[in-house]
Structures are given as C-alpha cells and as structure tokens.
Amino acid sequence: MASDVGSHPLTVTRFRCRVHYVYNKLLILTLFAPVILESVIYVSGPQGGNVTLVSNFTSNISARWFRWDGNDSHLICFYKRGEGLSTPYVGLSLSCAANQITIFNLTLNDSGRYGAEGFTRSGENETFLWYNLTVKPKPLETTPASNVTTIVTTTSTVTDAKSNVTGNVSLAPQLRAVAGFSHQTPLENNTHLALVGVVVFLVLIVVCIMGWWKLLCSKSEL
C-alpha cells in the first residue's frame, strides 16, 4: 500500500509536467505561427517559362509541396527521403525534390499561393514556408493587321487623289464642249481656230469694202 501511495504523486507530477510541456508548445506555436505563416517568399516567372521554388530543407528529410486556393491545400508533390512523388494538379508539370520544385511551361492560372512543409525522421514538422507565385503575361506582339491597316489607309489616300484627278479629267470634255472643241484633237483645235480667224478677217474686209463703197456713192451724188 505504501508503495502504491508513493507512486501516485510521482505519476501526477509526470502528468502535470507533460501537460505543461504541451501547453507551452501550443503557446509558442500560437504566438509565432502567425509570423511564420506570413513570412512569404515572392517569386515571379514569365508566361510559357519555368520557375523554381527553393526551400532550406535538407535532402534527408521528407517534404510536402502543395498549392493553397484560399480554403484548402492541394498536394502537388511529396518527396520522401530520396523518393520523389509528383501528384498532378490541373495539368501542372513539375520536377520534385526535397529542397526545391520546378514548375514548367507556366500559365497565367499557375499564379497563386504555394506552400512547403518539411518533416524530420520522427515525422514532426521541421519548418514551413509560403510562396507567392506571379506569372507575368507575354508582351503583346505587333500583328500584321496593323500593317494592313496602314496599307489600306495609304490606298485610300491614293484613291482619293486619283478620284480628284479623274474628276478634273472628266470636266475637260465639258469645258471643251462649251468652247466648241468637244472630242477634238490638238491638231483639230488649231485648225478650227485658224478657220475662225479667216472668217473674222473676211468679215472685216467685207465691212471695209461696204464702207468704202458707201463713201464713193455719197461723193458721186454731190
């Protein structure tokens, strides 16, 4: 009986120490977990390129890589003491290792929050890391459509100028018709002008002769 009574306080003491140990561990995790969770590594990569997320894990531990969508984590890679296992996540292409993963052929949908969790041999959590990945879109390339637009604009300008010239040319027959030279060549126009000049000259001669004749008649009457 005495031995039972003596062992009872020892058991209680051990239990209390265990409770205090667990309490202190939870208290430390509660105090420092927000700091750890908010320690984010910012990484960026070009669309269509590759990006590597690097951790400080050693190769002799297990590592769990996952993607965080805001509500839940999705396992994408589990590296267990030298044995890599890649779990596809929406067609995610990557290489897996304890201290890093490489994501290939990045798309805009790959942007987001990623996490890495390292485990010791005993299975306890060793460290925890957050990554914020940003995939930069490709720069817009100049398409041939812009050149086509320029050509169309230039063609339009040339067409307008050509239409003006055509309009001026179309007015020429009307002006020539008003002057009496419709559908005539330059040689015909010169001949026509010469004939008009001869007719005018003959009319002037007739007028002069008639005036001279009238003057003679008036003198004979006197």
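Just so you know, glycine gets a Cβ as well, placed from its N, Cα and C.
Feature annotation from Swiss-Prot assigns N-linked glycosylation site to Asn50, Asn56, Asn60, Asn71, Asn105, Asn109, Asn125, Asn132, Asn147, Asn164, Asn168, Asn189; the stated evidence is sequence analysis. Per Swiss-Prot, transmembrane segment is recorded for 193-213.
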Contacting positions for the transmembrane segment (193-213) when only residues 6+ beyond its ends and CB under 8 Å are counted: none
Lowest local Cβ density among Asn50, Asn56, Asn105, which the record lists as glycosylation sites, within 10 Å: Asn56
Alpha-carbon spacing, Asn105 (N-linked glycosylation site) to Asn71 (N-linked glycosylation site), which is rounded to whole Å: 26
Around the Cβ of Asn71 (N-linked glycosylation site), the count of other Cβ atoms that are within 10 Å: 5
Largest tally of Cβ atoms lying within 10 Å of a Cβ, found at which of the glycosylation sites Asn60, Asn109, Asn132: Asn132
